[in-house]
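**Student:** The structure is given below, and queries will be raised subsequently.
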Amino acid sequence: MIHAILKMGDPRLLRVAAPVERYDTPELRALIDDMFETMAHAQGVGLAAPQIGVDLQLVIFGFERNDRYPDAPAVPRTILCNPVIEPLSDEMEDGWEGCLSVPGLRGLVPRYRHIRYSGYDPAGQRIEREAEGFHARVVQHECDHLIGRLYPTRIRDLTKFGYTEVLFPEMDPNAD
């Protein structure tokens, strides 16, 4: 089922999400299926449960190709419960981000370039991976939703925040 995606200004996006406590349940599997369907419908590269009003530490991400990020390399399809992120260096990298909860806007956001992330898959099996570049950016962006943070709060220079159609007139106007 496709869910409505909450938009910036909705107080539910500012909450700290609760940990997933029960794995491998029909409810969790149905939620994950709904999240993937919602993400695909919105042409997203990731989605956090709080974005559809579900107060759980659950994120999904991954794509082969995405019109919203045409130059981005593929990111493996991942389901991550109760994620933890560890920067593997102090190196930060600025990159343009958008968000399904902040439609039509883009901002230049600093993120750690190289991270390790861990958590659990839907069956409760531990996952641990390293990521860099755009993959690392997507993980950090989605996990921010679990602590009630949206990317505009990370922007250092607000002259690098605006409407996608103005900042990137060459992009498909339906991409955000």
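Cβ from N, Cα, C; glycine included.
Feature list, courtesy of Swiss-Prot:
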type	residues	note
BINDING	C99, H141, H145	Fe cation binding site
ACT_SITE	E142	active site
**Student:** Check the DSSP secondary structure of C99 (Fe cation binding site), expressed as helix, strand or coil.
**Tutor:** strand
**Student:** State the Cα to Cα distance, in Å, between C99 (Fe cation binding site) and E142 (active site), rounded to an integer.
**Tutor:** 9
**Student:** Can you give me the residues near the recorded Fe cation site, meaning same chain, not C99, H141, H145 themselves, Cβ no more than 8 Å from the center of the site's Cβ atoms?
**Tutor:** G46, A48, Q51, E97, L100, S101, E142, D144, L150, Y151
**Student:** For C99 (Fe cation binding site), what is the tally of other C-beta atoms lying within 10 angstroms of its C-beta?
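**Tutor:** Neighbour count, Cβ to Cβ under the 10 Å cut-off: 26.
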**Student:** Test of understanding: give the count of other CB atoms lying within 10 angstroms of the CB of H145 (Fe cation binding site).
**Tutor:** 26
